[in-house]
Amino acid sequence: MARKTKAEAEATRQAILDAAEHVFIKKGVARSSLEEIARTAKVTRGAVYWHFRNKSDLFDAMLESVRLPMSEMIAEDMNGQASDVQALRNLCVYALKVLVEDERHARVYSILFHHTESERGMKKHAEMAEQSINLMTRIFTSHPPHHSLTPCQAARSLHTQMLGIYYDWLRNPGAYNLEQEAETLVDTIFRGICPQESGK
């Protein structure tokens, strides 16, 4: 019985997250209310507050549901004999392909990039970016990038270019086949940033 209750609670939480995605993408985060999210999820406001303290908490949980565990994925790839730069390259390819293959991933990042006007949303975006850049800087410190770039500049360049692809494709998903072109796009970026690794 306890197991069923736990499963039901998780199902309710997921229904609230699903509803939040649809309300946020329709109205924007700032103009959405927990009451409307509760109605869309067909639950009470009390149920929403049981799982989430407020809208910011709900927004954070939504982002965490699609966030890629970069450190773990790179470490796992390195166990297969890939260098950390090669593992980072593989992660970038995966990050583009999952945008096409996973509707939730695409929806949440569309909300983050195109439907978030709140200060909280911008702050969360900046925090995620800085964590990614710090990890990439450590990698490029071990594997020096092009001589014109510092490790930090290489990391920011990679992050900015990947962000640009995400932002642009989410604006117009029908413009080109991102899944098909993911490897070419990423390899082009890496050839500019870390040519000695790209040639291996």
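Here the Cβ of each residue, glycine as well, is placed from N, Cα and C on the backbone.
The structure displayed is predicted, hence computed values, not measured ones.
Residues belonging to the domain 'HTH tetR-type' (10-70) score a mean pLDDT of 93 in the model. The domain 'HTH tetR-type' annotation in TrEMBL covers 10-70.
The DNA-binding region annotation in TrEMBL covers 33-52. Under 8 Å from some Cβ of the DNA-binding region (33-52) lie the Cβ atoms of residues 9, 12-13, 15-16, 18-20, 22-23, 27, 58, 61, all in the same chain and six or more residues away from its ends.
For the domain 'HTH tetR-type' (10-70), the DSSP-based tally of helix, strand and coil residues reads 44 helix, 0 strand, 17 coil.
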